[in-house]
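A short worksheet on the structure shown next.
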Amino acid sequence: MNSTGSNYSLKHNNTQDNNHNSEESVTNKTGELDKPGVKDGQALSKEEKLKRRQEQLAAWMQKRQQENQEPSGKVTISATDETNIDKEKLIRQQRIEEWKRKRLQKSEGLETDRSKIKTFEVKSSNEPTIKINASMKKTITPANGRSKKRPIFGDEDEDDEKESKPKFKKPTLDLAEIEEKKPEKSIDTEIDELDKYLSLLEEKEQGVENKKIENHDDDGIANGPGVGNVNESDDEEIDEDQKQQDILSSKLNRLQNKQKQLDDVDHNQIQYHPFRKDFYTEPTEISKLPEEEVANLRLKLDGIKVRGVNCTRPIIRWSQLGLPSTIMSIIEGRLNYSSPSSIQAQAIPAIMSGRDIIGVAKTGSGKTLSFVLPLLRHIQDQPPLKKGDGPIGLIMTPTRELALQIHKELNHFTKKLNISSCCCFGGSSIESQIAELKKGAQIIVGTPGRIIDLLAANSGRVTNLQRVTYLVLDEADRMFDMGFEPQVTKVFTRVRPDRQTVLFSATFPRKMELLAKKILDNPMEIVVGGISVVASEITQKVELFENEDDKSLEEAKFSKLLSTLNDYGDKDAECKILIFVEKQIAADELLVKLLTEKYPCLAIHGGKDQIDRKHAIREFSSSNSGVNILIATSIAARGLDVKGLNLVINYEAASHMEDYVHRVGRTGRAGRKGTAITFVSSKQGRAITDLVKAMRLSKVSEDEINPRLIEISTKFLEGVKSGKEKYNFGFSGKGLDNLQEIRESNRDLERKVYGEENDSSTFKANEKKQNKTDIHQSDLDVKLPDFHIIEGRAPETAGPDKCKFHSRITINDLPQKARWITVNRDSLSKVIESTGTSITNKGNYYPPNSKIPKTIKQNGKEVTPPPKLYLLVEGLTEKAVHDAIILLREKMIEGLEVAAKEESMGPTGKYTV
């Protein structure tokens, strides 16, 4: 037990000695004093330990006093030093002010750079607050921990450059460290940090100036912004406006003039399969007839006149054509055509012989069947369509209604013969038409514009015309007159040259014959009953009004119309009546008047959607619909064939005789009788002359013609001879020449507005040398938005006279999508809020290619029509209006880009155009 206790006591004492030594070691490290010698393991009493501690503390205090006395000269600042410091601070402040003054005289190019750099603030307190840029945080520190100051103000700082200053250190949030280092800071350190900040600005300024020097041209003129010229910023603003205007103009023109590109076809590089044209073998009984009997036969057939080489003789019976029994059963059984009509008797043998034909015959004479029967023989003789093949027969018409009428006639045969056909026209969904063509259509009936769309759809992969061997132009004169010649020519260039081409119409003016001969090969001309002749089955009547006042004339015409409707309604309750007017607005106004008088009726014209036009014709054609009156423009004068249509009323006289022939030709079809009544005023000398001529050509006796009409006609023709009156024949009043005249008149008006009257005669002379029309230049000129700022209050505003500047921006001619993006509520509200201007929609929207009328009726009075749709921008300052214009122009450019993108993408669906 004793040995154990002694061992424990020894270990305990050693542990205590070690602890004492450790405490002494810590004390020595803290006080940084030498350790007195103490033997290891020696035990000390409390008194000895305390005495030794006191000695160590006294030595440490003495050493601290010596250390504090050595640097005292550095901290003490004498009065002389304080004066020198004040002078130095004053000099530096003066140099800073001088530097600021120089900075204000220089370009504003560094304003953005200066805004990015945080400011350096010196407060009035003893301790400065320093704000530094992020770029100043990373500095290269020399080995001695001090940084060299850069020259700022030139040679006057040479002395300062030789001095070395403490390195500027980033402030921290360590408060203990800040408090510890406060006594070591000096005023020189503050100024040195300011020098560093100013030197940084100087370096940035020199860098910008170097960039400007690099942008100088060889002539020494700076290209960069804000160099040397005060007005250069204005020039840049003008250039930017012009650049935006050019972008807007190019995008608008590109969108307006965008064509359906059809690549030229080199027929020499395509190996076409041969095909058969001649399907007709002249019967023996026809071939044995002498020429005298053939002439007599043509005379009996309404006086058929033929012109050409080796003209085919006419037939007498359907059996002489050698048609298949299936077709014969449809003709004689279903359609109940016992014998061919005059045009059919002469035209069908000629077409089936492989000849190109120009056929002119009166309305309702069976022209459609004349080109349909040979087409069916063409298709039956050729191999079936393969995948990717286009049609074999192509029929082009000027109007949608005529295309539907022909397609309806074709359906009598195609269903029985298992022949596929497709009717393609504008105003309806193109997707369904593309789907039908993808399935394979042996016959296409359509309008030229939609046919070109289909040829260009999907980069030409929808259909092609390589297999077309039979091409028909129905109502060819109207097609050329409506400006379709470029489209028709474009289609013709894509059809094989050895095709068979057939042209039919009820009228055929001489200048149209010249155009037709360009696309025909050795044609045979067939004229039945003369050119522009009303059928003998139609009774022509004229109601002459002697009223001088327009209002009384309108009342008299409407009163006569009501009495006529009552008379024919009493005679035949199922009688269909077609009323023609000249203008779309007149059709709508007459519709309202008749509905007010409790007459059920409908109206069709070019301004209505295709679905509405189709519905109106279907209701009018139906015997159970209760609608027996249809009001129409001349759009219904072609191809409309309605059973029971016994009366045609020209409420407004036709513009020329060919149009009159087609109008009245809607009745008296297929051998049935009909009546045509024309309302005309005694002031309409030209219309009366056409009526008298038409009645004389249709063999109406002079006794049946009103003597007053003959008197007015004779007087008018005498005026034409003397030069007092002008008499235009045929379609020349509405055709391609008239479009050119409209363009020239618009340009003359613009030159007068901008003071260029002197050059008008030269300009006209040069214009006449150019081509008359183009496929996409036939439209009226599109007006580019004008962004001129006008000083003064806009006259069309009714508010107080506060807005000193305004601008009118025409948006009528922009595409619909571009208009929506420009004028939607969000876009305009942003522009108004950011610029402080007022923006208002003014004017009316006028569709493309429409002509603004000189006057319109409003509340029974003739007033000036409103201008095209535009935005009125008003502001208190010119700058506010200019800023609004810039934003609106950007919206227009954005809208044009969206419109172009949507047009290139086409409608949502499987196919694109």
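Each residue, glycine too, has its Cβ placed from N, Cα and C.
What Swiss-Prot records for Ala361, Lys362, Thr363, Gly364, Ser365, Gly366, Lys367, Thr368 is ATP binding site. Its Cβ taken as reference, Lys362 (ATP binding site) is surrounded by 28 other Cβ atoms within 10 Å in the chains shown.
For 192-265, the entry in Swiss-Prot reads coiled coil.
Marked as compositional bias 'Basic and acidic residues' by Swiss-Prot: 45-55 (among others).
According to Swiss-Prot, the compositional bias 'Basic and acidic residues' annotation covers 84-121 (among others).
According to Swiss-Prot, the compositional bias 'Basic and acidic residues' annotation covers 178-188 (among others).
Feature annotation from Swiss-Prot assigns compositional bias 'Basic and acidic residues' to 209-219 (among others).
Annotation comment: Swiss-Prot describes 765-774 (among others) as compositional bias 'Basic and acidic residues'.
Mean pLDDT for the domain 'Helicase ATP-binding' (348-526) in the predicted structure: 87. For 348-526, the entry in Swiss-Prot reads domain 'Helicase ATP-binding', with the evidence type sequence analysis.
The feature motif 'Q motif' is assigned by Swiss-Prot to 316-345.
Using DSSP to sort the residues of the motif 'DEAD box' (474-477) gives these counts of helix, strand and coil: 2 helix, 1 strand, 1 coil. For 474-477, the entry in Swiss-Prot reads motif 'DEAD box'.
A Cβ distance under 8 Å defines the sequence-distant neighbours of the motif 'Q motif' (316-345), meaning residues of its chain 6+ beyond its ends; these are 279-281, 283, 285-286, 297, 301-302, 304, 352, 359, 361, 365-367, 369-370, 373, 376-377, 380, 412-413, 416-417, 526, 528-529. For Ser365 (ATP binding site), the Cβ neighbour count at a 10 Å cut-off comes to 23, with all displayed protein chains included. In sequence order, Ile343, Ala347, Gly359, Ala361, Asp474, Phe504, Ala506 are the residues near Lys367 (ATP binding site), counting only same-chain partners six or more apart with C-beta under 8 A.
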